Amino acid sequence: MKICVHGAGAWGTALAVNAAGRHEVTLWARDAAQAEAIAKARENVRYLPGLALPPALTVRAGDLHQARAGAELVVVATPMAALRQQLMALRGTTAPVAWLCKGVEPALDASSPASYGLLAHEIWGQVAPELMAGVLSGPSFAQEVAEGRPTALVAASPHAAVRDALVEAFHGPALRVYANDDIVGVEVGGAVKNVLAIATGLCDGLALGLNARAALITRGLAEMTRFGLALGARAETFMGLSGLGDLVLTATGDLSRNRKVGLLLAQGHTLAQAVASLGHVAEGVYCARTVVQRARGLGVEMPIAEGVVALLDGRLSPQEAVASLTGRDPVPESVRP
């Protein structure tokens, strides 16, 4: 199978490495100097230092149309902010297309309260609905995938051809790929878990204990499910890899950038300091406001996400954000909106 991966960050490189032993894979970097450095060193020093790239993996820059010529699967491994441009550039492509990003697009008009960012499948529907497209998501740190550690992901698309292509491309000895046609649920899980991970990082940074962490994860899953149901997702999707699975990993894993933001805020760092120290994107910081804004518009209650936004905006201190949750009136345990 011939695969072209757009984007030589950690995740794009990790999947390219994973598939290169079984398929003909081209890893395309936007920056020519980066591509040359990776190809020469056979290592992505910036994103996956110490990991040798397999000899069969081709790394290139330059003409993207030429790089993906004849590809049977195109994988877009760019941040959410670049997805719209990438999908527009892929108009006319007949091969299946899949993106890897999780979160929401930055609002097109940040000054307008009525403007909010879109999930990836909504961008797809706006700019290139003719593409056969979908998402590869689930609980995964790029470093572990690149090292060949056991991982399970979900390929989500309304098109069976896209799901089948992703399974064929990446399912192997260490990486299991499950198929799901609920792209809305898979993407909601991938976006909301980043917001909730900031909350669990805050919990851990304040040393509130494992009971508190478990409560946040469980009630956070309820918020995620309510939000997803209101957008048309299926409830069972949130008990799968892209829901519960990704939430547990991102909320507890030491490699989680979103959890790290919460930890740093709990230690007294400003948001700007926390983000600057990461060196990479923490999508939860950028999608939290959109999640809350859309939830309000749908009449969905998301108190944990609301607390995270108040914390990020500086309206609540870490301690006040916790108090805003623990001081709530008792309610029945419920997942439904």
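Even glycines carry a Cβ here, placed using N, Cα and C.
The active site, proton acceptor annotation in Swiss-Prot covers Lys193. Following the DSSP three-state reduction, the secondary structure of Lys193 (active site, proton acceptor) is helix.
Annotation comment: Swiss-Prot describes Trp11, Arg30, Lys102, Ala142, Arg257, Val281, Glu283 as NADPH binding site, evidence class sequence analysis. Trp11 (NADPH binding site) carries a helical DSSP state (H, G or I).
Feature annotation from Swiss-Prot assigns sn-glycerol 3-phosphate binding site to Lys102, Gly138, Ser140, Lys193, Asp246, Ser256, Arg257, Asn258. The Cβ of Asp246 (sn-glycerol 3-phosphate binding site) has 26 neighbouring Cβ atoms from other residues within 10 Å, across all protein chains displayed.
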Three-class DSSP secondary structure - Lys102 (NADPH binding site): coil
Least surrounded among the binding-site residues, given as Ala142, Val281, when other CB atoms within 10 Å are counted: Val281
Spatially closest candidate among Ser140, Lys193, Ser256, the listed recorded positions, to Lys102 (NADPH binding site) (Cα to Cα): Lys193
Sn-glycerol 3-phosphate site span - longest C-alpha distance across Lys102, Gly138, Ser140, Lys193, Asp246, Ser256, Arg257, Asn258, in Å: 16
Gly138 (sn-glycerol 3-phosphate binding site) in three-state DSSP notation: coil
